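Enquirer: These came from TrEMBL, pasted as-is:
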- 13-251: domain 'IspG TIM-barrel' (DOMAIN)
- 266-354: domain 'IspG C-terminal' (DOMAIN)
- C270, C273, C305, E312: [4Fe-4S] cluster binding site (BINDING)
Amino acid sequence: MYNESPIIRRPSTRIYVGNVPIGDGAPIAVQSMTNTKTTDVAATVAQILALEKVGADIVRISVPTMDDAEAFKIIKQSVNIPLIADIHFDYRIALKVAEYGADCLRINPGNIGNEARIRSVVECARDKNIPIRIGVNGGSLEKDLMDKYREPTPEALFESAMRHVDILDRLNFDQFKVSVKASDVFLAVASYRLLAKQIRQPLHLGITEAGGMRAGSVKSAVGLGMLLAEGIGDTLRISLAADPVEEIKVGFDILKSLRIRSRGINFIACPSCSRQEFDVISTVNELERRLEDITTAMDVSIIGCVVNGPGEALVADIGLTGGHAKSGYYDDGVRQKERFDNKSIVDGLEAKIRAKASMMANRIAIIDKTE
């Protein structure tokens, strides 16, 4: 299948969040944030492990109090995935979680306090060799910027970010990334564009407080898609009022749709019509559910009739084209003699996809060893 992305990534510096490279051409990292009480260590660890299972590269944890910082210490010892500590208001919490092994510190310019406090956080981060994220949010801008601009504007978010970029520059600290999130797509996109022209640090993308599962996914796909298509962005989080696991899935789906980074199966499926020879919708939904554990990047075409089915199957790793009573099966674009009974497609096709995924994964492993 045609799978070369035409996107040219914005040049940026390289930092590391734990063992995950960010920027300078590294794969765009997908992250989420726990929504458990951080002091509920067992629940938080369970959620982190669930996020890691579906492919999260990094997980962020809110640490609003010193009790949460103590819980963070235990959580960090219980997982392997890099953890970002999300800090607001009290800079001393940042110092504590850095001591406890945080892989990155997120600070909010709108509430972290004066330059002396930021200096303390920076010196601690330097000493512990951990990066910082300057996380600007349209909902928590500094009061003087709200007085100046009257409302969140791209210029206001940009100015907030640059204030703290300048502070870090003066302190000769370059291990940081920046975000300028807003709940409005155009506000967020314009803010990121301003920032991308001005600095070379990695950018963390997000449409903050995007909404529920459906609307939030669409809003995030539109906003982040605009930026990613322009080569802007080095890591991302999809902010949904939903299970954080869904944020990871949507994040990878966005990257997959732009051919930036693929994980798992890309299903090419028709919306179905009266021409369909089998129930396309139930077939695709069931296969998606069963095959969530597949991490190998592959294209599977499931089309209900012969109008577009053969053409889509030609460019897929595995293809199924609806036919009368039985449907045609394709492997690497080649039609096979084997056909699937339209009343019992799912089990047989699942087995074929799993076998193909295993073969492709082994092939990739062999190539990696030889390079």
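Glycine is treated like the rest: Cβ placed from N, Cα and C.
Note: TrEMBL annotation is automatic and uncurated.
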Enquirer: Helix, strand or coil for E312 ([4Fe-4S] cluster binding site)? Use DSSP.
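Expert: Helix, per DSSP.
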Enquirer: Which Cβ among the binding-site residues (C270, C273, C305) has the fewest C-beta neighbours inside 10 Å?
Expert: C273
Enquirer: I want the residues beyond C270, C273, C305, E312 whose C-beta is within 8 angstroms of the mean position of the [4Fe-4S] cluster site's C-beta atoms, in chain order.
Expert: P271, S272, R275, Q276, V280, I303, G304, V307, N308, G309, G322
Enquirer: Test of understanding: give the count of other CB atoms lying within 10 angstroms of the CB of E312 ([4Fe-4S] cluster binding site).
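Expert: So the number of other Cβ atoms within 10 Å of E312 ([4Fe-4S] cluster binding site) is 22.
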